[in-house]
Every structure is written in structure tokens, then in C-alpha cells.
Amino acid sequence: MAEAAGVAAEFFASNRARAARAVLDQVVLPGEELLLPEQEDGEGPGGAGERPLRLNAGARSRVRVVCGPGLRRCGDRLLVTKCGRLRHREPGGGGGGVYWVDSQQKRYVPVKGDHVIGIVTAKSGDIFKVDVGGSEPASLSYLAFEGATKRNRPNVQVGDLIYGQFVVANKDMEPEMVCIDSCGRANGMGVIGQDGLLFKVTLGLIRKLLAPDCEILQEVGKLYPLEIVFGMNGRIWVKAKTIQQTLILANILEACEHMTADQRKQIFSRLAES
């Protein structure tokens, strides 16, 4: 809180944009404008080469910057929309890389392309209403399943768990889900089985578990045979052979967010011995 208050006082006192490279891994506030260096200006950080990002600069600008969560394009500017720490990932083949704001947000905001776990709450004609944990339910057509036709309708009931992805998600339209990929295949999406346990965790823990270098899932997989589904909306569905094993796995995943690597190793070793 003290760090965020200090940043707020500094920002409103100066009331001007800050260089993105100078505030990496630091707290940024909604409304701030970021300055990103252009590639053709070969000057060091803080020099005259740092200018407000021009996203529509035409052929002159050779920097391609990807805006992640917490950042928004407003004309030719890049604005911060969430309070959190500014992160940056270097590009693989040139360009400006990816910038995003790492925040401890509790409520999920639908994003196009996100894979989520939803609960069917109602059926209205040919549309299912799905609760995804956002501000409003998402719509799911009965034709958005693999092999679904007007005669061959999917067996979806109120209360079923659905694993799908968003194809429409913006602030002006109702979110829309599908359970097929671009090739019309289910690819693991659809109705989740009746057994198992569904529980909710923070959005930050979901991103941590889905990271390519996450060791938690590797250790959990060594304990018991299991089936697990992660939703970017903070929901996890897990199923093991017995109810006791399922509850143990759920408790481990919930507690891993606030444990260090050494504490996780101790717990996994104790469970392996027992």
C-alpha cells in the first residue's frame, strides 16, 4: 500500500508519462501513459529517443508491441487500465515484445481466446446461458459442439460444467463461447464429467500453474493418477481415483500459491511417504 501511495503521489504531481523501461517490475496505476522507445532511435534509455508510442505511425515505425492484460490502446497512445506491476517479455524475432500488467485481480473479465470453465444456468431456445464468473453470463449455441446439428443436439443440462473458449469478448457485447476450435474439433472441450471437484482459486495462481516452467503440476502428477482442467477464470476441476485423493489434490493446489519451493517439497515428500 505504501509503495502504491508513493507512486500515485509521484504520478499526479508530475502528471506526465513515464518510460516503460524505467518502470519495469514497478507499480503502475490506471490512467498512466507509457513511453516506449522506437527502434530507429538508437539512443539509450531516458534519451531523446523515448517518445509516446505511436501505434498508427505507418511505415516509419518498425516496432511491433503486443499489449497484454492491463494495457489499452487509445488512439496512438498506450494507457494503463489496471493497478499492478508492469511486466515485459522479450520478442523472439525482433520487435518491441509483450507488455502487460501483473495484478492480483479477483473478478474475471472475459478475454477473447481464453479457455474457461463455466456452469450452465439456463436454456433459452437454442442458446445456453453459462456462468463464467464475470459480470454477465456468456451465451453458448447448441451448434457450437463437435458434430452438433439441428437433429443431433448435444446433451447439455442445466448445472453441467462446460469447458470452452471465448470467440466474442468485449465491453460492448455479450460474451460468446464455443466448444470447438477453428477446425471444428472439440480438442478436449465440451461437457465435463459428473464426478470430480470444482473449486475456485485466484487468477494469479491459474497463470502460475499454466506457465511452461511450473513444477507444481509435475509434482502433483507423481502423487496420484488424476484428471485436471484449468480455466482462465480461476476455476479448477480435478478428479482422482477416490474422494480422499481428490480433496488432498484440491487442498494442495489451493495452498501452493502462498508456499515457497522448499515448503512444497516438504509437503510432497510427506505425501509420497504416506
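The backbone N, Cα and C atoms fix where each Cβ goes, glycine too.
Quick look at what TrEMBL lists:
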| type | residues | note |
| --- | --- | --- |
| DOMAIN | 26-104 | domain 'Exosome complex component RRP40 N-terminal' |
| DOMAIN | 196-243 | domain 'K Homology' |
| REGION | 35-54 | region 'Disordered' |
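For the domain 'K Homology' (196-243), residue counts in helix, strand and coil come to 16 helix, 15 strand, 17 coil, using DSSP.
The average pLDDT computed over the domain 'Exosome complex component RRP40 N-terminal' (26-104) stands at 69.
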